[in-house]
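Feature annotation from TrEMBL assigns heme b binding site to LYS12, HIS19, TYR128, ARG177. Annotated transmembrane segment per TrEMBL: 267-287, in sequence order.
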Amino acid sequence: ACSPTDLSELLKEGTKESHDRAENTQFVKDFLKGRIKKELFKLATVALYFTYSALEEEMDRNKDNPVFAPLYFPLELHRREALVKDLKYFYGEDWKEKIQCSEATQHYVDRIHHVGQHEPELLVAHAYTRYMGDLSGGQVLKKVAQRALKLPTTEEGIQFYMFDNISNAQQFKQLYRARMNALELDKNTKERIVEEANRAFRFNMQVFDELDKLGRSLTEEAQDGGFPVHDGKGDLRKCPYYADKLAGKAGPGCPYQAAAALAKQPLVQLTLAACVAVAAGAAAWYLM
């Protein structure tokens, strides 16, 4: 059982408002709907690479420091090598020459390095915020990305989400929280860790906003997760199913219109709303 003074509980309660704001960023909402352009997904992977490179460098630096050592799980958690595989898939063997750290990501990276070198007890906030999210809503986004971007079923491009050395994510998260709660920290330090976790949320949201702005300038791509691109408005001939009718095939009609009619039913609306709320919470927790 957790007590109100346990660090995991303090973090959960102390970052709730930041978590709620993260759920409502445009980037998160679009991602959940599968409205993620491949080029934008690649840029998000680049941002993650620089972020985790900094985080894991500072974790290695402090692996023997008692304020962080119990949370050092390189085999189970480290993501840098997985991200390298993803970048090779998206950019090729010369990926290093094709990527650069964005402005918002650089601010995040600089803060992580400062913490690791000058206030290592605050490194707990950054590690907890990222890795616990990776093991939660990250698994939701893995499926969304794989479907929307039509990535291979062999999991190229989404190695970041794969934790081959963790057999049970829920049990591991319980272990991680227990280790965190056992750290010998005074009240003031715990409060500073919660404050730093909120700072980490802000850095992440700044990266999301930056990606959202970049996304608007990218060429629109027909990425629909396998569903027809027709939105039920305008020229019906834009619906792929319309071509079947012109060819004399007895198709089922535009699936959007059928889905729209079904969605008007109150029970269906209630169910969809509940599902979206759950998915949004999980995804935002991952992205944080």
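Cβ atoms are placed via backbone N, Cα and C, with glycine included.
All TrEMBL annotations are machine predictions without curation.
Not measured: the values here are computed from a predicted model.
Shown on the structure are the features that TrEMBL records.
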{"residue": "LYS12", "record": "heme b binding site", "Cβ neighbours (10 Å)": "15"}
{"residue": "HIS19", "record": "heme b binding site", "Cβ neighbours (10 Å)": "18"}
{"residue": "TYR128", "record": "heme b binding site", "Cβ neighbours (10 Å)": "22"}
{"residue": "ARG177", "record": "heme b binding site", "Cβ neighbours (10 Å)": "19"}
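Of all Cα pairs drawn from LYS12, HIS19, TYR128, ARG177, which the record names as binding heme b, the longest spans 18 Å.
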